Amino acid sequence: MVRIAINGFGRIGRLVLRIALSRKNIEVVAINDPFITVDYAAYMFKYDSTHGRFDGEVSHDGKALIIDGKKVLVFQERDPATLPWGAEKIDIAIDSTGIFKELDSAQKHIDAGAKKVVITAPSSTAPMFVVGVNEDKYAGQTIVSNASCTTNCLAPLAKIINNAFGIEEGLMTTVHSITATQKTVDGPSHKDWRGGRTASGNIIPSSTGAAKAVGKVLPELQGKLTGMAFRVPTVDVSVVDLTVKLAKPATYEEIKAVVKKASENELKGVMGYTEDAVVSSDFLGDTHSSIFDAAAGIQLSPQFVKLVSWYDNEFGYSTRVVDLVELVAKN
């Protein structure tokens, strides 16, 4: 039984808790969030505007959440180094704050007594692992990153296509649902002026490092992909549009067949495949990292194609976080 703690009880932290509770080999011991009191944590965990009510009993005793009779301690420390991870025998701390995402800052969890750390954000210093893509390269590193939700969608698809046909170069666009960093009405956003505009009333062009990060988990694609994002007024579920120049000519039928085969074999559970006339809400709660939309892609020539793949940027990603925790626990 692996003992875990969750730092940061936001969208990802709460969903990671939901998913972890359903895994027999994981015990969630504690959560920490300096901005959330225990009674508020109970409320936020119980009710979710996007994914619905938690299917179980949720209460608290003033110090801990009580979920279906099981206690989960709640702390409110700003500095992770002061958390009692040693006393609580924490094997893996999951950091979903978006703040402690580099080796030096995530080290605070180790200093507090945790054995390992999984960061739920891309990192420029911690090694990044994408389940289904490069998790076989995990060699016991103490602090790891689960990359971003968009990299988790793009990388499995890019791996399949590159292995079968070769990718010479490509551009990615993610049409991405709103996230917590955006504004309900126009407000100050000094680093990203467009990002400060009303989330619910605009299509907002934005930057993303997700495509370049694929080169970190698939070195053979280093320098071959880049991309951008459009933030759109949907609450959850996003879609990747990958336009690539192939090294080897292929028909669209051949591409579909290769992706379908991978989704049923080595990437089962990570890569999905559909030929249905789907829209974004059809993927709410989908646990795949990426679901290939066979009916949406187009081909211009034997070596130039646009491929489309959906992802629940909250739930699919959080599922992979827990998968990575299990992998780290085994090694």
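We count from 1, first residue shown onward.
Quick reminder: no glycine exception, Cβ is built from N, Cα and C everywhere.
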>> Just to be sure I read the record right: Ser148, Cys149, Thr150, Thr208, Gly209, Arg231 are listed as binding D-glyceraldehyde 3-phosphate in Swiss-Prot. Which of Thr125, Thr179, Thr184, Thr274 is listed for the same site?
In response: Thr179
> Swiss-Prot has Arg11, Ile12, Glu77, Asn313 binding NAD(+). Which one of Asp33, Asp55, Asp61, Asp293 is in the same site?
Replying inline: Asp33
>> On a simple 10 Å Cβ count over all chains shown, which one of the binding-site residues Asp33, Glu77 is most densely packed?
In response: Asp33
>> Under a three-state reading of DSSP, tell me whether Ser200 (phosphoserine) is helix, strand or coil.
In response: helix
